[in-house]
Amino acid sequence: MKNIYQIDALRGIAASLVVLFHMIPFWVYVFPGATSALAGGSYLGVSVFFVISGFVMGAATQRDARVSSFLLKRVFRVYVPTVVAVALYCVITQKSASLVEIFRILPSGGFAPYYGYGTYFITWTLTYEIAFYFLYAIAMRISWRYRTEVAVGLILLNCLPMQYLLTGHIVFNPGAVQQVSLFGHTFLNVVASIAINPINLLFAFGLGWYRVFDQVAMRVRDISPATLASWLFLSGGMVTVAYFFVKGYGVFQMGFFALVLFSSFMVLNMVQGPGEPNFVWRLGKNLGKVSFSLYLCHYLAIDLRTHYLPSNVELAWHPLIVGAAIVILTMVFYMLVDAPIHRLGNRLAARLPVAQESATA
């Protein structure tokens, strides 16, 4: 499957929403309504990230059945840059942290869906990403051809019957799930809690979209402009209303509207076809390329302001200063850390033995 630039653009939008949400404490000085205007960004942005991840994992393994290659690429794509960001966070905040704390992004225990925060608190979402990668690797090992179906089945198994067995309840609100406490070790309890949390169902949304993409594309490409406009108007209205009034990451909360938004971008891709993106889409695609660096670095810029910005600087300047720092840190991190590590992971994965399924795909 060729690169879908609409997904890149949506990934960039999602990262920007999270950034704007975390900048609320600065925006309120110049925009009193910032809290109500930006509060929905975290729920929508994170939910969209998870849906995209499910779709991308299906596409990324379309012609490569090697579990070792998949895991190696994911380690270099997500985990290694995250470790670098955590180390930078410790330097900026002058936080004392052992190597174990820097390399550990697993939460230490707490309330759902975060179950506590790691050393660098924004990495709570990456905990679910990495847990999903391991589950998806298991699905690939069971059946590469039906990996998406197996992965969806494993997610449903964890989020429904396993949740009931370990907590005595089945809930779809990620924030309402009891933390598992049946095991004698905190690590096992946190891992089990992450596995059964219904926020993982958002990955299943993306996996499902990947599985039906070609069939839907054949039906959608010839729809009339009026039908397309009606769909985009309806879905855009739904997401806009949800942004201001819906809270939470669950499939019956913002997760559903993240699926609606993702579906709209998929429909746009199907209608527009594989041609070159126009100027606006190119901007979105480039924002998507640096979106992971943006996510990892934006709070580093906020911490720089907290620890090093002189107290006599006018509060009205803080959003501009923090925004500029975010842009600079993001670009430097992308060029020096994110992109080189990503390329290294791809080169190392290419040297691994080719699986039989990959050779015949």
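Even glycines carry a Cβ here, placed using N, Cα and C.
The domain 'Acyltransferase 3' feature in TrEMBL is assigned to 4-334.
If you look up TrEMBL, you'll see 12-31 (among others) marked as transmembrane segment.
Positions annotated as transmembrane segment by TrEMBL: 37-57 (among others). Remote same-chain partners of the transmembrane segment (37-57), defined as residues 6 or more beyond its termini with a Cβ less than 8 Å from a stretch Cβ, comprise 7, 10-11, 13-18, 20-24, 27, 31, 125, 128-129, 132-133, 136, 151, 199, 202-210, 213, 239, 242-244, 246-249, 253-255, 257-259, 261-262.
The annotation transmembrane segment is assigned in TrEMBL to 78-97 (among others). Beyond the ends of the transmembrane segment (78-97), by six or more residues, the same chain brings 103, 105, 118-120, 123, 126, 129-130, 133, 292-293, 296-297, 299-300, 303-304, 307, 333, 337-338, 341-342, 345 to within a C-beta distance below 8 angstroms of the stretch.
Per TrEMBL, the feature transmembrane segment maps to 117-138 (among others).
Here TrEMBL flags 150-172 (among others) as transmembrane segment.
Distant neighbours of the transmembrane segment (192-213): 1, 47, 50-59, 107, 112-113, 115, 127-128, 131-132, 135, 148-149, 151-152, 155-156, 158-159, 162-163, 166-167, 171-174, 177, 179-180, 182-183, 249-251, 255, 258-259, 262-263, 266; these residues of the same chain sit at least 6 beyond its ends, with a Cβ under 8 Å from one of its Cβ atoms. Marked as transmembrane segment by TrEMBL: 192-213 (among others).
Sequence annotations record features per position, and here TrEMBL assigns transmembrane segment to 225-245 (among others).
Residues or ranges marked as transmembrane segment by TrEMBL: 251-271 (among others).
What TrEMBL lists as transmembrane segment is 315-337 (among others).
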